[in-house]
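*Asks:* Copied straight from TrEMBL:
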SIGNAL    1-24  signal peptide
DISULFID  C31-C43  disulfide bond
DISULFID  C38-C56  disulfide bond
Amino acid sequence: MSLATGLLLLGLLHSLEVISPALAIDVPKTCSPKQFGCRDGTCIPKGWRCDREKDCPDGSDEEPDVCPHSTVSWCPHNEYHCGGTELCIHLSKLCNGVPDCTDGWDEGPHCRELTED
């Protein structure tokens with residue numbers, strides 16, 4: 001493998017936020033850069049990873065090798081943990097039209113589903 005190919009592969013893995021090279025084999029090519037690839041091949045939004053809820057059918061989005069940070073201050077029950085950060089926002093700030101999480105997940109496309117009647 002050439003240095004350029006290796007750097008390209010490393011950049012791709014970093015953009016997918018794959019923690020371990022061993023996990024890279026299991027990440028399906030169908031997941032977008034804004035998604036997390038579950039070990040079973042399912043794709044979920046990155047903001048759902050490490051949020052203390054098992055969103056992958058196999059639970060791989062909450063496993064210690066995927067969520068290596070040991071958060072001392074987990075969010076209170078009335079707050080949402082912005083994925084990939086230590087930021088907690090009050091639940092009233094979800095889907096309120098103002099992005100509070102750095103990745104904007106709190107105002108993502110799922111908000112349309114919650115507000116449509």
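Every residue gets a Cβ built from N, Cα and C, even glycine.
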*Asks:* If you count CB neighbours within 10 Å, which one among the disulfide-bonded residues C38, C43 has the smallest count?
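*Replies:* Least crowded of the disulfide-bonded residues C38, C43, by Cβ count within 10 Å, is C43.
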*Asks:* Could you measure between C43 (disulfide bond) and C56 (disulfide bond) for me? Cα positions, answer in whole angstrom.
*Replies:* 8
*Asks:* To the nearest Å, how far is the Cα of C31 (disulfide bond) from the Cα of C38 (disulfide bond)?
*Replies:* 9
*Asks:* Within 10 angstroms of the C-beta of C31 (disulfide bond), what count of other C-beta atoms is obtained when all protein chains are considered?
*Replies:* 17
*Asks:* Hey, what's the Cβ neighbour count for C56 (disulfide bond) at 10 Å?
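*Replies:* Taking all protein chains shown, C56 (disulfide bond) has 21 Cβ neighbours within 10 Å.
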